[in-house]
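**Student:** Feature table excerpt (Swiss-Prot):
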REGION    1-228  region 'Pyrophosphorylase'
BINDING   8-11, K22, Q75, 80-81, G140, E154, N169, N226, R315, K333, Y348, N359  UDP-N-acetyl-alpha-D-glucosamine binding site
BINDING   D105, N226  Mg(2+) binding site
REGION    229-249  region 'Linker'
REGION    250-450  region 'N-acetyltransferase'
ACT_SITE  H345  active site, proton acceptor
BINDING   A362, N368, Y369, S387, S405, R422  acetyl-CoA binding site
Amino acid sequence: MKTALVILAAGKGTRMNSDLPKVLHPLAGAPLLIHAMQSGASLGPSRTVIVAGHGAELVQKAALSHDASAIIVQQTEQLGTGHAAKQAQDALKGFDGTVVVLFGDTPFVSPDTLSAICDAQRSADVVVLGFEAADPARYGRLVMDGAQLDRIVEYKDATEAERAITLCNSGVVACNGTRLFELLEAVDNDNAAGEFYLPDIVGVARARGLTAAVVTCDESETLGINSRTELSAAEAAFQERARTNAFENGVTLPAPGTVHFAFDTVVGRDTLIEPNVVFGPGVTIESGATIRAFSHLEGCHVARGSVVGPYARLRPGAELSENVRVGNFVEVKNARIGTGTKINHLSYIGDATLGEYTNVGAGTITCNYDGVLKHHTEIGNHVFIGSNTMLVAPVQIGDHAMTGSGSVITSDVEPEALALSRAPQIEKPGMATKIINLLRAKKAKQQRGS
């Protein structure tokens, strides 16, 4: 059966106390909205509709950058979740499959749970996602009639018996596309807030003799984020889950609580990740690599057997082939490093291609920016770059070439050539002692004057 997603992302997020729309606050390196979109994408939806409101332009930009086919609609007035869902009606015109309504601030609903919701919708007119709450607090309660969902009761309206129910409402629903909007049309705003609530479609459906079912999930999947405190708790939950997954996939983390993963980090088995490593978005680490302490990686690929760090930074576009070494205080950006090449200390390699088994000495800098444009540096195979070499791009260093320490290389270097570019050394006997004596005399004179 075909599915469509409606993701509600119109809320202001007042408790965030931020100019940024709530659904765009980052969790593990990606906006909350993107987490919801990724989870929903597991269903292979034929249409994805994002209901934007507060900060609609920013929400639209983020959504379309992740999925260019997403349909963006606006809720110009925030009149409740039912009213928000109704804004998707035109975008889903003629769609008769299952519509799943998610929330942009609820990032952890799993693909397995979404699949179960869609399966349940084949035999029920309305499906609600519920959870057994450890502390039901003020959640809405799901009142069952045997296997059927009879009604949803908000905490403030519940009797003592209903408040004792621990099966709670997550807010996520699924319904046939045509029927969803028929039910929403009948929902009223006769409540204290004067809003139209999405869960009220259950009462409308039951009054019409339709069926309603509940699919349950772990409470952790339903975590909604409305404040910085809840965002922090969600980050902690994500990181704990990511570390557990890493262990299960054969990754060694001697100090797991100090390693920070992004939402899309991929790490191969038999990789060692030392303490205080941070992964930004877009990192792939192959099997058998080592990421040493205090390194920061984003938008990069590290192949099998490579060693990164300690205190290294790999920026977007860094591509390390097998058995590469990138050592302490080395930064690599938009550069491909060939097999067996070593950049062991205190260097910047940007906008460059390095061949195989090349050695880059300490203090080497690719001078890639002229103040307006970036330029490329090409270094061949089996090259030796002497310490403190400045490579002024655009420049090419041929295979088996060498550069002398302290050189400023501004022109291409032929294969097997030695390139030197520095002033000749001048030695003046006894001059060091004379200079020291002059300086000491000057210092003594200054002290007498004070």
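Using the three backbone atoms N, Cα and C, a Cβ is placed for every residue, glycine included.
Help me picture these features in the structure, burial and contacts included.
**Tutor:** DSSP assigns L8 (UDP-N-acetyl-alpha-D-glucosamine binding site) to a strand. Around the Cβ of L8 (UDP-N-acetyl-alpha-D-glucosamine binding site), the same chain contributes V51, T81, A84, A85, V101, L102, F103, G104, each under 8 angstroms and 6 or more positions distant in sequence.
Under 8 Å, Cβ to Cβ, and six or more positions away along its own chain, N226 (Mg(2+) binding site) finds G13, R15, M16, K22, D105.
In terms of DSSP helix, strand and coil, the region 'Linker' (229-249) has 20 helix, 0 strand, 1 coil.
Long-range Cβ neighbours of H345 (active site, proton acceptor) (same chain, at least 6 residues apart, Cβ-Cβ under 8 Å): G327, N328, F329, V330, A362, G363.
Remark: Y369 (acetyl-CoA binding site) has H375 as non-local neighbours, by Cβ distance under 8 Å and separation of at least 6 in sequence.
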**Student:** With the cut-off set at 10 Å between Cβ atoms, which of these binding-site residues ends up with the most neighbours? Options: G80, G140.
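**Tutor:** That would be G140, with the most Cβ atoms nearby.
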**Student:** Quick check for you: of the binding-site residues N368, S387, S405, R422, which have their Cα within 10 Å of the Cα of N169 (UDP-N-acetyl-alpha-D-glucosamine binding site)?
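**Tutor:** Those close enough: none at all.
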**Student:** Output the one of K22, R315, R422 that, of all these binding-site residues, has the highest number of other Cβ atoms within 10 Å of its Cβ.
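**Tutor:** Of the binding-site residues K22, R315, R422, the highest Cβ count within 10 Å belongs to K22.
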**Student:** Using a Cβ-Cβ cut-off of under 8 Å, list the residues of the same chain that are 6+ residues beyond the ends of the region 'Linker' (229-249) and lie near it.
**Tutor:** 16, 25, 27-28, 107-108, 220, 223, 256-257, 259-261, 263, 265, 267-269, 273
**Student:** Using C-alpha atoms, which one of the binding-site residues N368, S387, S405, R422 comes nearest to G140 (UDP-N-acetyl-alpha-D-glucosamine binding site)?
**Tutor:** N368
**Student:** Mind giving me a neighbour count for N169 (UDP-N-acetyl-alpha-D-glucosamine binding site)? Other Cβ atoms within 10 Å of its Cβ, every protein chain shown.
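**Tutor:** Result for N169 (UDP-N-acetyl-alpha-D-glucosamine binding site): 24 other Cβ atoms within 10 Å.
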**Student:** Under a criterion of Cβ-Cβ distance under 8 Å and sequence separation of at least 6, what residues of the same chain contact S405 (acetyl-CoA binding site)?
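**Tutor:** S405 (acetyl-CoA binding site) has long-range Cβ partners G361, G386, S387, N388, T389.
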**Student:** Quick check: of the binding-site residues listed here (A10, G80, R315, Y348), which one has the Cα closest to that of N368 (acetyl-CoA binding site)?
**Tutor:** Y348
